[in-house]
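Enquirer: Once you've had a glance at the structure underneath, I'll fire off some questions.
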Amino acid sequence: LLDKSDKYDSRDVERLQQDDKWVENYLIWRHDVVDDTLKMIDESFQWRKEYTVNDLTESVLPKWLFENGSLFLHGYDKEGYKLFWFRVKHHIRDPKQQLEKKKLVAFWLEHYAKRDHGKPLTVVFDMAETGISHIDLDFVRFIVNCFTDYYPNFLTKIVIFEMPWIMNAAFKIVKGWLGPDAISMLKFTNKSDVQEYISGEYLPPHMGGTDSFKYSYPPLVDDDFQTPLCENGPITSEDEPESKEEIDADTKETGELNEEQNLNQKKMNSIEQFSKSEETDKTEFKPKNAKKALTTFKGPLLHISPAEELYFGSKETGEKKCLIVLTNVTKNIVAFKVRTTAPEKYRVKPSNSSCEPGTSLDIIVSLHGGFAASLQDRFLIMAAEMDQSSGAGIPELTQFWKEVPRTKVMEHRLRCHVVESSKPSSLTLKENAFNIPAKTNEDLHIQLTRLLQINKRLQEQIDRCLWFQQLSVVLSLLSVTVVAFCFYLVYTQRS
């Protein structure tokens, strides 16, 4: 790679040296074959520099590309993976615009990869109402190549909706570009079976779904985060008994907190820039079953822990609370607020507040009423620096968020992970006490790959041992035969 360093963006080379996860993704995607992995890194790095991927922004691409609505990110599949939509009917083949359209693909993929830390995507080719004029094999091939050659371990499946019969021959060509792994990811669907992969809430009506989303630009399409969350959750009469039970449970838990939690509580109480109701929230103790984060996202304003996922339990495991720890790493007050894609489900305390310089603040996220966490649920933490003189009460915060420029707002997204467990409840509780998060599918994949490699090395060592053992047996037999023959010769000579 060093021989071609002039063909790479120095930022990519630096990231490769520092980001082990990125390297692992290349290895996983190339089945741990080192030569193939190096070839993919070489090709993808050259492509990234050619398309200036690290510098692709809204301002450098023509506005009409975004207004067209043929490519965008929206919604999630049933496994919780983000959907990358290609609305083929809005795409018109035009060689003069091809490079710009390809850069738009690269923009969206890079935008999402940086925002969600490389979480894989599901591609949806919506081919409803398409005809000959929309067929553009070069563009389709480019999209496929992005996932097979340039973005490692970034594709979960390709859902093709209502492919016209006239395009069967064209897609036979497309299959020829794909390896066996990618071919297995192709899912040809229509209205009757597309919900095997994507639930109706993220499908538009023409696909048999109920999603009322209509693409428009600006702004960029994003998750439909609602903000700020009501700190006590949605207020309805049926929720009141549940809220009382949760308050009683929280009160009971206060007697079981350890010394570390009490220290954190004192730290929280040192922040005095909130209204009376918020101060009341601060005096509540952290729930004992809120998982302590083991990973940290290090942003320019806040360090956020956990870095990527909030671990909730299924209905069987019963875990309904998670902890987010914010640490202000600036010399100013940092205002923050929390948004979610499912505001009816969650209570967040505090959800719209501020953090003093150099201090940490605990945010408790709890499921409200009888709701269960979903893989599709997302949280967005927004943060921005405030002037020391501006104050940090509710009126000041409200005015601050109206006036702060978007360019000065730090954003970080967290996804939900639902921990399924078939173990006895006693084992689950024991694991919770030690705050051991469940392994994700990606972690298990990596571990399995490593185990297979170790197993392969052990097998090779065993084979060598067996070979030496067999060789030793043969040599021993030869030695015994030679000695016996020598004794025989001596005996015959004496006779």
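Keep in mind that glycine also has a Cβ here, set from the backbone N, Cα and C atoms.
So TrEMBL has the following annotated:
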DOMAIN    73-215  domain 'CRAL-TRIO'
REGION    232-263  region 'Disordered'
COMPBIAS  244-255  compositional bias 'Basic and acidic residues'
DOMAIN    301-419  domain 'MSP'
TRANSMEM  467-491  transmembrane segment
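Situate these features within the shown structure.
Expert: In terms of DSSP secondary structure, the domain 'CRAL-TRIO' (73-215) contains 67 helix, 27 strand, 49 coil.
This prediction places the mean pLDDT of the domain 'MSP' (301-419) at 85.
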Enquirer: Provide the three-state DSSP residue tally for the domain 'MSP' (301-419): helix first, then strand, then coil.
Expert: 16 helix, 60 strand, 43 coil
